[in-house]
Amino acid sequence: MRPFLALAIFLAYALALLQPAHAFEVISVPEDVNAVNLSEIVEIVPGTDGRVQLSTAPDADGIIRRIEVLASERGTNPSFALFALRNDSDQQIERLLVAPFYRLPASGVFQPDLGSARVNAVTPSAGIRPVKLTDPESDVFEVTLDPGATVTLVAELSSGSLPELYLWQVNAYRDYVNSFTLFRGVVLGVASLAAVFLTIMFVVKGRGVFPATAAFAWAVLAYLLIDFGILGRLFGLSADGLQPLRAAAEAGIATTLAGFLFIYLNLHRWHLRFVHLALGLSALFLALFAFAFFQPAIAATISRLVLAMLGLSGFFLILLLALRGYDRAVLLVPTWIIFIAWLFYSWLVISGQVTNDVAQPAVGGGLVLVIMLLGFTAVQHAFAEGQVSIGTLSEVERRALALTGSGDFVFDWNIDRDRVTVSDELTTRLGEKRGALRGAIKRWLDRVHPDDRDRFRTAFDTLVELRRGKVSADMRLAGHDGNYRSFRMRVKPVLGGDGQVNRIVGTLQDVTEDRASRERLLHDAVHDSLTGLPNRQLFLDRLDRSLVRARQPNGVKPAVFLIDIDRFMELEERIGHSAADSVLLAISRRIARLMRPLDTVARISGDQFAVILANEQAAGKIAENAEQIRKALKAPFNFGDRDLTISASIGVTIYDGNPAEAGDVLRDAELAMYYAKRLGGDRIEAYRASARSIASYSRASEEDLERGMRQGELHVQYQPIMNISSGRIVAAEALMRWTHPTRGIVNPDEFVPLAERSGQIEKLGRLAFEQSAAQVRDWMSTIGLGEEFFVSVNLSPVQLATETLLGDMRNLVSQDRSLAAHLKLEITESQAMNNPEHSAYMLEALRSLGLGLALDDFGTGHSSLSYLHRFPFDTIKIPAAFVRMGAEAGFPHTQTPIIRAVAAMAEELDMLVIAEGAETLDEVERLRQLNVKLVQGFAFGPVLTGPELAKKLLAQVGR
């Protein structure tokens with residue numbers, strides 16, 4: 001048994017000799033050095049089955065011992081740090097062995113060391129066992145060395161690495177820790193104030209750049225609280241527990257800085273792709289933030305790389321925009337250069353090229369400096385955009401007063417804050433509570449009529465994109481009761497100091513009534529203003545549609561009636577214009593009552609009505625309908641204290657496939673009507689071959705008129721307008737005359753209606769104006785017309801209703817601007833009232849060209865005196881019916897006060913009054929007594945040609 005026991009002891013001793021031997025560099029602990037860096041001499045060895053065996057450094061007697069150190073916890077196999085210390089003095093010394101949890105220097109970019117507990121326990125080869133002290137930022141052990149002793153220390157490591165290990169004098173270490181307290185307090189105080197200040201600025205100014213800058217400041221503050229150990233002490237977190245928070249803080253710094261750059265430079269306005277890119281990066285940054293709590297080291301690696309790329313790419317982007325003159329980028333250049341310098345210094349620290357004690361605090365202080373610079377940049381830009389020059393304050397007030405006086409409503413969309421502000425008066429107009437219309441643009445869009453929303457949105461997007469221009473468009477807004485009111489929006493963009501649109505400002509004008517007027521105008525364009533029936537244009541359009549349907553298989557062929565009131569002009573002269581209009585209105589109602597829903601009744605001229613029977617095929621039924629109309633019109637009209645009886649001539653045509661045009665079908669009915677008149681009137685006639693002679697004569701007359709205008713047979717003569725006080729010719733009225741080669745002088749009462757029926761009235765009116773303008777131009781160059789002299793030219797209703805009139809007048813006047821002062825257009829009262837909305841528009845346009853406007857036949861229609869204010873007339877013409885006096889009693893007793901009142905009213909309105917139709921000197925004398933100064937008529941002689949009038953004008957000036 002003894003041999004076996006001896007063999008086992010021998011083998012154990014041999015195995016012990018086979019353990020690796022460790023040669024230590026013994027560090028002599030100096031008395032006058034505050035700290036000794038042991039990081040370079042420490043030897044890290046892995047444990048074996050939770051233990052380590054080693055040979056100690058030789059003691060004072062040169063003896064080397066073998067010792068074995070076990071792990072402090074069973075079942076673990078940590079690594080061990082080995083080093084030796086020697087006390088060369090004759091006194092016992094105490095030192096602190098310090099291993100910081102986290103060190104930024106040399107922490108690395110890839111898989112960085114984010115801090116952890118470093119040393120669990122320290123075992124000496126001899127002497128007093130080191131005691132672990134409580135410290136929030138480091139593992140600290142109190143080491144006692146006896147005089148002259150050499151002690152080998154074995155430190156059990158909590159992690160596989162030991163970045164830094166120092167041996168400190170006790171008081172020196174306390175002074176070292178306290179030396180950074182003031183610095184950390186200042187840095188944390190500045191960072192906290194910056195974060196709070198920027199947050200408050202967002203509340204006050206509402207600019208988007210402030211929350212972005214404040215978010216970056218809060219992220220830096222969180223990083224500093226972790227780095228300075230304050231967050232760990234507050235929540236009792238271990239060094240390992242701070243790793244995910246430290247990684248999340250670094251991710252927050254990268255994320256918020258990217259958000260600041262995007263918002264401050266307004267990259268979302270440069271292109272829609274930047275918005276999509278920002279949304280994608282936001283999702284990735286949020287994922288990175290969450291990932292930090294699972295893999296802190298990898299998340300910190302990504303954050304540090306992103307921060308570096310953000311600094312470089314941001315620098316080139318800012319430089320590019322600054323070179324293009326973008327104000328925001330120019331302001332950011334100095335700050336970003338300092339940020340690039342901070343990044344470079346941080347890289348030196350992280351990579352281990354700078355490892356001094358102030359390296360890590362300097363990185364935190366540099367971050368606070370970047371916060372301050374970014375905050376100053378944001379504040380400077382925000383207040384620079386909001387400045388109002390004192391020198392222009394009075395102009396601003398003046399414009400505000402003008403806006404208040406206009407009655408328009410203010411519209412202001414702050415794009416950065418996405419807030420719409422409008423006048424409280426608009427809220428009241430829509431029946432809403434105060435402030436109900438303020439808020440985001442989306443809330444405003446919800447009030448806009450669905451048909452207007454896309455146009456509204458597109459217009460604003462265009463203003464923001466182009467950064468110039470203005471919008472003037474109508475839109476409809478919903479009121480509290482759900483009804484829509486129309487508003488005309490006039491807005492334009494306001495550019496900030498960076499050249500970008502930061503708000504859209506303008507006015508809203510309530511145009512609900514104007515819109516209704518325009519709708520009435522559109523209605524009046526195709527309807528008769530007196531009766532409300534379709535006019536000739538709309539009638540022909542409906543007839544044309546009926547003809548299209550008739551040409552289809554089994555199509556119903558329409559029948560057309562043309563109804564003309566017999567001797568209506570005589571009736572009008574007998575009862576007056578107003579009463580005649582009442583009769584026409586009654587006639588329209590009687591005809592309309594006899595029609596079925598699909599039939600059409602229209603008033604196509606003064607005393608002519610047309611009917612389309614859309615569903616009647618039998619000739620007998622058609623004749624019966626025509627007879628019902630004739631009898632209905634034959635019935636007496638009750639007018640005041642007497643009854644009026646009228647009759648009508650009705651022409652009937654049934655469409656049989658020819659002619660093809662609606663106008664020709666109506667012409668057939670017109671010929672049948674003329675045939676009925678030739679037979680005495682008050683009868684119904686269908687279109688037949690015998691009417692062709694009438695048609696041939698009518699066509700021949702139309703061709704004659706067209707030829708006459710082409711060959712110069714129609715020419716203008718002039719009726720002088722006399723100032724009866726001075727006996728001088730002060731103006732003239734242009735009258736068209738036709739000298740036919742075979743028929744001689746053709747009466748205007750014959751060729752003017754012919755021109756209206758054949759559609760040549762517009763050409764005829766243009767001819768009259770051109771000849772008058774040419775004559776006036778000739779007189780201006782040869783005679784030298786006085787400023788008061790003018791020539792008046794009559795306008796037909798067709799001319800006034802066409803838009804081409806403006807173009808014709810503009811072309812003539814543009815040749816000689818002074819010509820317009822000597823030309824005046826005459827419009828009858830009934831013409832102006834036929835379509836008041838359109839007439840007002842046309843007359844204002846003509847007046848803007850410098851042309852004079854005369855209201856002819858004043859007092860014979862159904863207008864009110866308010867239209868003298870609404871229409872821009874400068875002359876009133878009293879009709880001949882008021883001027884002529886009877887052979888026995890002179891002026892009727894009612895005419896004298898009327899003429900006197902008109903003359904007085906015109907003088908008060910600063911308008912000219914011309915009495916026309918004076919045929920005797922007695923009438924002229926009576927007009928003189930009534931204070932009428934301008935008179936025209938045959939009392940002064942017949943109408944004159946241009947040369948004849950020129951002689952009289954020359955005689956007046958003594959030539």
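Even glycines carry a Cβ here, placed using N, Cα and C.
In TrEMBL, annotation is done automatically, which means it is predicted and not curated.
Here TrEMBL flags 471-523 as domain 'PAC'. What TrEMBL lists as domain 'GGDEF' is 556-689. The domain 'EAL' annotation in TrEMBL covers 698-957. Among the features that TrEMBL reports, signal peptide is placed at 1-23. Feature annotation from TrEMBL assigns transmembrane segment to 182-204, 216-235, 247-267, 274-295, 301-323, 330-350, 362-384.
Per-residue pLDDT, averaged across the domain 'PAC' (471-523), gives 81. Same-chain neighbours of the transmembrane segment (247-267): 114, 208-209, 212-213, 215-216, 218-220, 222-223, 226, 274, 278, 281-282, 285-286, 288-289, 292-293, 296-297, 299-300, 302-304, 306-307, 310, 314, 317-318, 321, 326, 328-329, 332, 367, 374, 377-378, 381, 498, 500, counting only residues six or more beyond its ends whose CB sits under 8 Å from a CB of the stretch. Looking at which of 216-235, 274-295, 301-323, 330-350, 362-384 has the most CB pairs under 8 Å to the transmembrane segment (182-204), the answer is the stretch 362-384. Comparing 216-235, 274-295, 301-323, 362-384 for CB pairs under 8 angstroms to the transmembrane segment (330-350), the maximum falls on 362-384. The listed stretches are 274-295, 301-323, 362-384; of these, 362-384 has the most Cβ pairs under 8 Å to the transmembrane segment (216-235). The DSSP breakdown of the domain 'GGDEF' (556-689), given as helix, strand and coil counts, is 59 helix, 35 strand, 40 coil. Using a Cβ-Cβ cut-off under 8 Å and counting only residues 6 or more beyond its ends in the same chain, the transmembrane segment (362-384) has close neighbours at 104, 183, 187, 190-191, 194-195, 197-198, 201, 205, 207, 209-210, 213, 216-217, 220, 223-224, 227-228, 253, 260, 264, 327-328, 331-332, 334-335, 338-339, 342, 345-346, 349, 497-498. Remote same-chain partners of the transmembrane segment (274-295), defined as residues 6 or more beyond its termini with a Cβ less than 8 Å from a stretch Cβ, comprise 244, 247-248, 250-252, 254-255, 258-259, 262, 267-268, 302-303, 306.
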